[in-house]
Amino acid sequence: MTEQKYIVALDQGTTSSRAVILDHDANIVSVSQREFTQIYPQAGWVEHDPLEIYATQSSTLVETLAKAGIRSDQIAAIGITNQRETTIVWNKETGKPVYNAIVWQCRRTADTCEKLKEAGLEEYIRENTGLVVDPYFSGTKIKWILDNVEGAREDAEAGKLLFGTVDTWLVWKMTQGRVHVTDYTNASRTMVFNINTLQWDEKLLKELDIPLSMMPEVKSSSEVYGETNIGGKGGTRIPIAGIAGDQQAALYGQMCVEQGQAKNTYGTGCFLLMNTGKEKVTSRNGLLTTLACGPRGEASYALEGAVFMGGASIQWLRDEMKLLADAKDSEYFATKVDSSNGVYVVPAFTGLGAPYWDAYARGTIVGLTRGCGSNHIIRATLESIAYQTRDVIDAMQADSGIKLSALRVDGGAVANNFLMQFQADVLDVAVHRPQVTEVTALGAAYLAGLAVGFWGGLDELAGKAVIDRSFEPHHDEIKRNQRYRGWKRAVKCAQSWAELHDEE
């Protein structure tokens, strides 16, 4: 009998590093997690220590193997998934970062973005990278490091510095500096990668004064990039065989590999991705065009929309409004009333994301009457997550011309049955909740396992993607449209607040 083999997924997130071990049936055998330091040098700036990212990630790998009693020679391959856009620049001779990692949330490069807009590059960037000009993405962060760290620009010109998103940094460290690589999904979040030619965009690199020599080689999301020796000296060499940015890994983990398949991750915010296959769809409705994974981990296209306030709006009910003791109680209180009684909550606390992109909108509660109680507000806040999701899905359908047949869901809020049912009702499509909700890690593991032949193909994996529950839509069409029109009116109120202020 052959000895059992496993796949390891390294899930490097914004607040913690995790390692997940899966067996051949795609069951999770062991998980280990370590949080790391969030650094806020000044308002709007967010950093991580790249060495701490690597230290926490490598220690979770060792811990999770020890916890499960699995030897390193039983690992068939390692897959990596990571927080996207976060930017690291290091010296390839010393292996030391020249500055902290600048995190995706960091807004310090807003001025550089304004200059790109003034230079008339907005349309070029949208057409060739699929993105909007925003400090969120890596390109302007690289420029900031080269412009502000002493000696960095000279070293970069001399070919001594390397750039990487978190996946690139981890692979470089795990292969002792032998491999400088990223995958298409992570490259597509830098704002300097051309998604038409699948090459670094030399015009944008020149505009931002970034030497091409710094940039990693870009490969598919499922192939052997290099090997790592996790047992130390004389230990086993294990192939690193899968890489994908966290949202694209979740899309793959949900088996959304064909045109028109979509998933929504309900976290602090919501991330919706729809696979558009080989067809690049340029959004006219405020969505991003990005790269995802095709059936074999090759580059395919996707539309992406982000909702800023998902689970965070429930935390607001708990922490600021004191209407809940525990976020999990929201379902119980929401079902204590038959409807939201005409109340709408628009949680635009930091403006509105896709498809509105309105930084000046503010949180609003409308439709209050004397009969409104706390349960109506709790229910309306949960409903707002579903309405915002519909806003993005409608934009995706308009851009792609593809009618959604079902929505696959993951993330913390999917445990809320009321929200999932209301989501199905609002969209008029079935909502599928998987049994294993660790879909980001699953995606990275699937990509690595397929690359080394651990799994035969997608057909074999599809049989392992068990749905825990499907929520079928119940509302009649008149009621659905009436409620959604009410939501649209409420959004207009949230957007009008700043306009009214300007008129004073």
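Yeah, the Cβs are placed from backbone N, Cα and C, and that goes for glycine too.
Binding site for sn-glycerol 3-phosphate per Swiss-Prot: THR14, ARG84, GLU85, TYR136, plus ASP246 from the candidate set ASP201, ASP209, ASP246. In terms of Cα distance, the binding-site residues that sit within 10 Å of ARG84 (sn-glycerol 3-phosphate binding site) are GLN247, chosen from THR15, SER16, GLN247, GLY311.
When the alpha carbons of ARG18 (ADP binding site) and GLN247 (glycerol binding site) are compared, the span between them is 16 angstrom. Each of the binding-site residues THR14, THR15 was scored by other CB atoms within 10 A of its CB, and the lowest score goes to THR15.
Take the Cα of GLN247 (glycerol binding site) and measure to each of the binding-site residues GLY311, GLN315, GLY412, ASN416: the nearest one is GLY412. When the Cα of GLN315 (ATP binding site) is compared against those of the binding-site residues GLU85, TYR136, ASP246, GLY412, the shortest separation belongs to GLY412.
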